[in-house]
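*Asks:* The structure's right below; bear with me while I get my questions together.
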Amino acid sequence: MATPARLSGTGLTLAYDQRIVAAGLDVTIPDESFTVIIGPNACGKSTLLRALARMLKPRTGAVHLDGSVITSLPSKEVARRLGLLPQSSLVPDGITVTDLVARGRYPHQRLMRQWSRADETAVAQAMRATDVTDLANRIVDELSGGQRQRVWLAMALAQETPILLLDEPTTFLDISHQIEVLDLCADLHEEGRTMVAVLHDLNQACRYATHLIVMRDGRIVAEGEPAEIVTPDLVRQVFDLRCEIIPDPQSGTPLIVPEARRRVPA
Amino acid sequence: MNVRVGPWSVRLAPRALLVTALLVVAGFCVTVAALSTGEFTVPVPDILDALFSQGTPVAELIVGKLRAPRVVTGLLVGAAFGISGAIFQSLTRNPLGSPDFIGFTAGASTGGIIAVVSGGSAATIAGGALTGCVVTAVLVYALAYRGGVQGYRLVLVGIGANALLVALNSYLLTRANINDAATAGAWLTGSLSGRGWDHALPVALALLVLLPVCAYVSRPMRMIEMGDDAARAMGIRVEVVRGAALTAGVLLSGVATAGAGPVVFVALAAPQLARRLTRSPGVTMGASALMGAVLLTGADLAAQRLLAPTQLPVGVLTAAIGGTYLVLLLRKDRH
């Protein structure tokens, strides 16, 4: 067998207070993949991502990063290897784009070394990659939703982690900004990062993912390359939706076309 | 603006530096004015002589024994209130999360009143205030706890506790004998009059111990303002930072209240003023401390001189000055 994956979870029982979301979950994130976790509302996809990012302590089982139990590693050390873009973060009042992106350098800084040249370079690079350099001195509050999401992504990028987890990065964005953010994620993946994202849109998931994890009711129903696992049966089983699947005319990946209840008059 | 010396480096905001410098100058001017003016004027050049036992006996008595401890207590108490307000406003992500709104100061008052009524010395009163503050904080925190504490819940529970404690304080005053009630009443408006070195010392010690803690948590606290997940993703141990900040904030508001009584508005206004002046995104401990010190000593100076020879309690002035200034600033920064 090849070397074990850097990020994995075994025997995970995930719960909020008394409500158990998932039990006995095993999951492996293939190295250097663009993994997308998908499933209907309340299937536990965001919960799984939060557990992988050590935001949620599993009731049983453990998440492993590079062979160690993730909670046994110093938290700043983890933050230099694994980044997370949470579903929603609060923008500090009156902060500029550069200052917010610079906060991504926190895990690399110490009390006496708060702003090294490496920090400066990483921030400049992250801003170039996300195309927010022109917004450098703007106040984040005053940006559009799409611009703001690019700034949050820049902050996560400035953290320079080989693994980046994104919790529904396209929610609240209109379609063009959704594609913009996903294209950017694909670029970051091509540069060699392991990307893990929770997405809502099955077609977008199929187009961008190299590895798809399909969940329902806290279980993983299917996983693998989208073209190999996405079938009308799977979609019906997971989403209760009858559909036809055709090759995406742009990318050749599976494209889900829901069955029409009424024929549109010709 | 980047400063790098060898392996050390720091990123500084010029505006924050300028504001900090101006606040230091303002604090210095207020101190000199408070030491020099009054019924008996000590010319500025004679102040140092008087402080170091080189002046006339009268000047030594007035500057060294009466005015200096009062100004120093004011500076220290103001700084403690300023930092404690900054901490709680940041933790609750709400300007109303100041210790004087969420019951901590009222709890300190309850402790103080009980100490006064049972005939305590200055030290017992201070101890009572500190205990009252800590007990209230623990209760409010426990009541607001539901698998973690959310800012708005802490504020709501705190406002409830505050109302209860204010009522309890009034009740205690009506039950006390008239002399105790008068003493406690004077203490309750918040006052710096008659403060000696024994009032300044506990605040100074608390600041000495807690300032490094505050300096250490201020950066992670700024990250926590973006949300717990965002901070945790950056490798911040959110619970540890929050616990340390909470402890420091409670102790500071406790010793500050012990030192000068429950002076209102400094803890609310100082961090807001500091933040708006420095235009800094997030909590600003240093500027809040300086702003609190300037605000309290400035208000005390005004309270002594404005209607001289009638002396107002400083609490009346902090509310008037801080409130007016805050309203003006809020009007200005409507974008």
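Count begins at 1; order follows the chain as displayed.
Backbone N, Cα and C atoms are what each Cβ position is placed from, and that goes for glycine too.
According to TrEMBL:
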TRANSMEM  B:12-35  transmembrane segment
TRANSMEM  B:71-89  transmembrane segment
TRANSMEM  B:101-119  transmembrane segment
TRANSMEM  B:125-144  transmembrane segment
TRANSMEM  B:151-172  transmembrane segment
TRANSMEM  B:200-219  transmembrane segment
TRANSMEM  B:240-270  transmembrane segment
TRANSMEM  B:312-330  transmembrane segment
*Asks:* Between the stretches B:12-35, B:101-119, B:125-144, B:200-219, B:312-330, which one has more Cβ pairs under 8 Å with the transmembrane segment (B:71-89) than any other?
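*Replies:* The stretch with the most contacts is B:200-219.
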*Asks:* To the transmembrane segment (B:101-119), which of B:125-144, B:151-172, B:240-270, B:312-330 is linked by the most Cβ pairs under 8 Å?
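*Replies:* If we count Cβ pairs closer than 8 Å to the transmembrane segment (B:101-119), B:125-144 scores highest.
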*Asks:* Apart from its near flanks, which chain residues at least 6 from the ends of the transmembrane segment (B:125-144) lie with a Cβ under 8 angstroms of it?
*Replies:* 99, 102-116, 150, 153-154, 156-158, 161, 165, 187, 199, 202, 246, 250-251, 253-255, 257-259
*Asks:* Taking residues 6+ outside the transmembrane segment (B:312-330), which of them lie with a CB under 8 Å of any CB in it?
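*Replies:* Distant contacts of the transmembrane segment (B:312-330): 74, 186, 189-193, 260-266, 268-270, 272-273, 276-277, 295-296, 298-300, 302-304, 306.
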